Amino acid sequence: MTEPLLEARGVTRRFGHVQALRGAAFTAYAGEVVALIGDNGAGKSTLVKTLAGALRPDGGEILLDGRPVHLTDPVDAQRLGIETVYQDLALAHDLDAAANLFLGREPTRFSFLHVLDRGVMQRRAAEAFDELGIRLPDMSAPVRQLSGGQRQCVAVARAVAWASRVVFMDEPTAALGVVQRKQVLDLIRRVRDRGVTVVLISHNMPEVLAVADRVEVLRLGRRVARFTAADTSVEQLVSAMTGGLDQEGAA
Amino acid sequence: MTTTAVSEETTETGRIPALLRSNTVWTLAVLVALFALFAVLKPAEFATTFNIRNVATDSAILLVLAVGMTFVIVTAGIDLSVGSVLVFSGVVAAKTMVALGGTTAGWGGIALGALAGMGSGLGWGLVNGLLVTKARIPPLIATLGSLGVALGLAQVITGGSDVNRIPAKLANAIGYGLVAGVPWLVIIAVLIAVVFGLLLALTRFGRHTYAIGSNAEAARRVGIKVDRHLIKVYALSGLLSGVAGVLSLAHYTTTTIASHTSDNLSAIAAVVIGGASLFGGVGTVAGTVIGVLIPGVLRNGLIILGAQRFWLDVAVGAVLVVAVFFDQLRRRARERR
Ligand SMILES: Nc1ncnc2c1ncn2[C@@H]1O[C@H](COP(=O)(O)OP(=O)(O)OP(=O)(O)O)[C@@H](O)[C@H]1O
Ligand SMILES: [Mg+2]
């Protein structure tokens, strides 16, 4: 393939006694859906947070378009067109869906007073949800009152609405019912077709093979295998995750 | 989860519950009921301009403290130091005014004194904010510390006795003066409530205050400068305590060092009765105004009914607990899970 869009090399990160990432590598190409899989605690969320600027790595390199980047906070990543659906969703539960969609990027009027432009927020939020086929029973209700799946939809909509290059989705379908899950998977394809790279973390192997172009496998904080989805079976993925296969050696 | 098709009619009827869901409407109803009750029981004494003006004046200074406290509580913080900072600021303002002419000081001296007082309040607020954000000390402990230090220093400065030689002009104008029958104290407090109420409800600053109280980590991840924002919020609470210190000086014409030990709890009670959650993310200044007035009206009404003084605290304490209890019930009924 061509030059990678986003690349991580030898990323390390420790939490107290836990070495969550031990020289993890990761590659994403422009306009693809790449799945990042691995067992619980393999370090997937940690790796995504470092690539999204939410967590600073102890060591290693992150490259965008082949150039090293230093992401000191999530805004750095957002400026580069990178958005994230965090596993914990990172929503402000006392605010409504539109407020969450625009959190930190609220349009304002009377420039120096910074009065919120609620009209614009409501309208553009409604458009964003419509586009994704998301219907909320009450747009003015605090997110706390939505179901787990509806909340997940809000988080997905926020990331997709702002991303121009890469969207990380950390288990975006975990709390979803059959219909919503299918909608999110369709959405992932649509986002990819718009030219935005989607990095999908999921424990659902059939789902991964259905939507991803490529699959990268993380085990104990390292990348152990890469696959092209089209010619890979669930058995191969499981074997890579659980230790039966290590393509990249213990270099 | 369901894919509820939202029809026009459900969004229409959604508006009425939204109004009934609002805490403010219910607390306002309680205030009106309380007022009506006393007005019926003691019309000649309670429902008079004179008495209503008294209640409003007595509530004005507490309202200024409670407005700052609303912001702090919405961020899921707490500020126990407001009463001490009020005293400290009052002492600094008084000392400055005494140095600039005492009882006969002109408006220039008064203005400088007031600025010194408000500056001290702002300073204490900044200290609280830095302790909470940079030193990572929990707000309860950080502001408990400044509560002690500010009150102690106020006593060190004054040698333990109140400063009395307050400019007569200040006392006569701001302290007792009326504009069209409304005390200056009330006008200032209402202006502060309106300005900061709008700030909290309508601006980006307000929105970020709610976001931080809802989920500070989420706020951080969308790029809100959480520490800087919290410092501003504690600074605001300190500044308003300083303003309250100057107002108190004008009204009582003395520093009243010993009489503000429970101001912090009164302000917190007002904010909570007004519908704010101590877990953060919820609360409005409109609610806080009502939360200040309910105990104020209750105290005043009970005094007029001839209740023993000790019963006032019993009644106010009970109202706080009952208010929070019903609020919890309504919240639980509303939440789906
Ligand atoms: N903030 C943290 N503090 C301490 N330990 C952490 C923290 N975040 C992650 N860890 C540890 O790092 C390791 C990797 O965690 P991570 O969340 O990245 O796993 P994951 O692959 O996303 O797992 P899952 O599939 O369960 O979401 C785990 O052992 C976890 O306990
Ligand atoms: Mg995870």
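Just so it is clear, glycine is given a Cβ too, placed from its N, Cα and C backbone atoms.
TrEMBL does not curate its annotations; it predicts them automatically.
According to TrEMBL:
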type     : residues  : note
TRANSMEM : B:24-41   : transmembrane segment
TRANSMEM : B:61-94   : transmembrane segment
TRANSMEM : B:106-127 : transmembrane segment
TRANSMEM : B:139-158 : transmembrane segment
TRANSMEM : B:178-202 : transmembrane segment
TRANSMEM : B:230-253 : transmembrane segment
TRANSMEM : B:265-298 : transmembrane segment
TRANSMEM : B:310-329 : transmembrane segment
Rank B:61-94, B:178-202, B:265-298, B:310-329 by Cβ pairs under 8 Å to the transmembrane segment (B:24-41) and hand me the top one. B:265-298
Beyond the flanks of the transmembrane segment (B:106-127) by at least 6 residues, Cβ under 8 Å: 81, 85-86, 88-90, 92-94, 96-97, 100, 146, 150, 167, 169-170, 231, 234-246, 249
Which listed stretch (B:178-202, B:230-253, B:265-298, B:310-329) has the most C-beta pairs under 8 A with the transmembrane segment (B:61-94)? B:230-253
I need to check the long-range neighbours of the transmembrane segment (B:310-329): which residues 6 or more away from its ends have a CB within less than 8 Å of a CB in the stretch? 23, 26-27, 30, 269, 272-273, 275, 294-295, 298-299, 302-303
